């Protein structure tokens, strides 16, 4: 392809070029302070090593190991896997006070939530509690976030419930359904741990913040809709299994005249009111953060007591009836390691594991930046993965960090992961002694608790901010939101990922370019669109390319540059201005170039030669300079045409511009 | 997520900040020539319009329509679809002389090649000739490249043959195979035209130059290997159908003692020698470009005559035997528009169409840049697509631009697409009158012609250049090459595409960052790794981020910046240097930022505040400035901390640096 012969009519150009190069030597060059440095050539291995390091070990995880004796290295290695050994040594009573208060607070919040979330995943209520017992313990030993509160969360429960029930009907085959749930949890854990071990954690960054906001908001609405059945006391067996708003609302209203139960609605609505007021109080005054934190437990206790004395369950108020007593049974033998459900569990596990990871990572990062400590994302993934693998063997489903409980944990003054241990112990006691008391808890209360919990996931303020900042992000956000609300969770997720990717592709195929002008009384050259006072230099066109030049955009960059030149030439004709004789490409933002990029520059150079325009480069970076010389393109255009700054390039070009009418 | 409360210990910082802002006002600011301009807010519709324009209409195809009367607009529109109406008006006898010479030359080259390429696609020889008759005519009317030579090409023939025979065995079901071939051709055309109409032509840029070089080289080797059977006169029916080198060589050698035919080898080898010598002569002296161009036809004539008089076919020399006489029959009824083969034909068509497009586009661009004329890639795609759709209805298989014949066309002095018409007419005459004469043409000659034609696709010089310029590109190149040679064409293609995508992902997740220093006796700040003489400013760290900051890299950018700071602080401890008190982020290369990026900057600002380091920005571009203000992050850090240049930022920071041991 590149071995085509030279153009036949090259000779025509030679004379003109000769003239120009003569004039160049006779006029002399502007004093050039500094040549563009050609960086010392790295050897191949070093170059490769540094690329690998930036890609996979950008956080430099081995830094503490540097220059340490072997015994210390081993200890540091063990501590890296079990951070509890490191922070445990400096643990003290004062920290414990903070941890026990926050641990009790999140326990009181998590118990009613867990029971409700298990229902979202179409599992029996005790599985929610199981998942708040084992996973937090594992995380406390292996995790390094100090503020995250581990357990089942609403969105992952919904997602898991939807994906699993696409495969098996939880009503007709509850045992198989449950086994598939553990299988999916197992592979969710494996996925998370694998990403961490292979240091591929950056993959979750491909779900943009905007897409997550939309997805979470949509999921929250969907979850709230799901609760309408319990909240209104609808008992029909043929309530829709679809999660989209159209189907759910149709089902709700078709049951309106005979399916709704006014006692249920009364209980549900009054406690939902109570929960929302508590939430408002907590939001108004940070000191009262504990009000919304304990409100759910109080609601459960009050409503259970109320139903027990009034026997409202006889009036059609649906109650929990039975939660299995005792701690997690083993589920090792329940996991499908063969058969058709292996593949299905694997796929569902990957999706649920990634979403759980996204949530946990966002929480971890937020609080780490608030308290200013470092968090190794990949190590966190290993901790979360191990926790879910162990969980899947002990009857837990996918657990992760919960936004709402982590915020409460933080505000209650947690110091370390010990607050998770405290919560876990409370859950243990609940499982052993208190579960029978939940018998008369009305399901409507659980629905009310879930609705009040997920309502804050609809982050309309964030959506407004996204609209203000970036319209494209807003499209991604709304796409994910409406996809979840009107179609299904999977479709919403797919839309979110697709739009995020489309944005990346757009970024790499259509980089920005700008025409620069001189800012008066300076030697600074800036985008003339941003700085209207900047003025163009007669006979010279300065183009800045705002991206690395790779195969995906090299052709665009070339053609866009030529089009800038064409636009300029058209204006000239109108204005009788000096003909463009030099094209300066400001390369500062061009951080890298590949073979296609070099090829595009060669073609650009050839086209410019035909037009009698000289190509001049300003400030190529080290990687680019390296490649300009390696490809000998630097020789093609002449090494003296590469300058450190635009100002120096102008100092070279300007005196040579020939004015002609 | 973003609605978390403020950190609890914020109060501790307030005092220090107050002190600093006081000192700022008392010391006074360095004279700041220019504020960073906040670009005038575009209205939403305009912004959207300009994004759409740059993405899909970056080549401004409607430029000639601007400010024209309606009648002229209609004429221009028709001319845009049929460029022949535009250039035809200025066509003259001188141009025709060039076109007729080049048309005859490429015809003499294409006829023997067509017969061989049809065999690569497992089709009867006349289908190759059919494909050199109709498609060039359509292209001549609709296409705008002046140099491209249209017809069947080796790589697409091989790809089509491989993909089609995965579905249907051409030996046992030749009719169905042929129908599937037309179906695939139809959808290849539809794919090409659709990409063009939707202006998605840039999608083919996602196959990098390096990957194409590797893929083409591998395909050439595979094609040459396929010819060994005909070249050695192997007749066994159970010759491998795999295309990888291991299977083919094993088949060849297992037939060594009884399957090879010495007469065939003698004829094949002597004419291959002749062809290679002709090629060498043409390469040494550009004046003799016609020698390799007519050598194939001479070989065919000589060898056919030789076999005819010696009756070597009785000695086991395989001959063509029969080529159907007459022009293209209709194949409208052969295309599968229903049934299982519809989907298969569709998929194969997409792949073959994209590869054909890649080849044609590369050729079109190369020659357009050599002769310096503009080519509208999307319009070209519509022309190529229409040509293949019409071709599929007239018994042609996928045609595209051929590298070798286009180069000959160019060197023979073609002026317009009329050379394609001339070639087409010659092929027509051949089909009508000369095909019976090919009866005695030995297959070994066709193999020799194909081998000598594809050999130049192994562009080892390009591979060496790629190695020199970019190691990652080299990996993509070799991956595609070895994938094709050792596994199969599809796998090679898949590897090429995957590596190309991996590179894009790497680019967007791990942008480069650099520490800047002041170049002595200037106010220019540059990467201290590239310019070792550049010196750091005490108490100030200048970091440049070399990419747009998007969700895919925002977290990395934040953490990498903090790590630069940490590295610096560690060095300080050793050297008792001034503590870093200002972090200047040079934003020139940051062409855009999204909500995740703003969030990352907010987190960075918070972390820096904890460390007592002030965040200062230099030269944000217009899109970034806009968003800094829209998100009110500009207010968070203080508008006076945003400077036009690094030098001005330094002028602000330096006087405030407090020296402490």
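Even glycines carry a Cβ here, placed using N, Cα and C.
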A:351-372, A:373-394, A:395-416, A:417-438 - the one TrEMBL records as transmembrane segment:
A:417-438
What range among A:260-282, A:513-535, A:536-558 does TrEMBL describe as transmembrane segment?
A:260-282
Note the mean pLDDT of the domain 'STAS' (A:530-653), expressed as a whole number.
87
With an 8 Å cut-off on Cβ pairs and a sequence gap of 6 or more, do the transmembrane segment (A:148-168) and the transmembrane segment (A:474-502) reach 3 or more such pairs?
yes
Stretch in A:180-200, A:206-225, A:444-467, A:474-502 most in contact with the transmembrane segment (A:288-309), if contact is a CB pair under 8 A
A:444-467
Secondary structure composition of the domain 'STAS' (A:530-653) [DSSP: H/G/I, E/B, coil]
64 helix, 21 strand, 39 coil
Between the transmembrane segment (A:444-467) and the transmembrane segment (A:260-282), are there three or more C-beta pairs closer than 8 Å, counting only pairs 6 or more apart along the chain?
yes
Ranking A:180-200, A:206-225, A:260-282 by Cβ pairs under 8 Å to the transmembrane segment (A:474-502) puts first A:206-225
For the transmembrane segment (A:206-225), sequence-distant contacts whose Cβ falls under 8 Å of one of its Cβ atoms, 6 or more beyond its ends:
120, 154-155, 158-159, 243-245, 248-249, 358, 362, 450-451, 454-455, 457-460, 462-463, 466, 470, 473-474, 476-485, 489, 492-493, 496-497, 499-501, 503-504
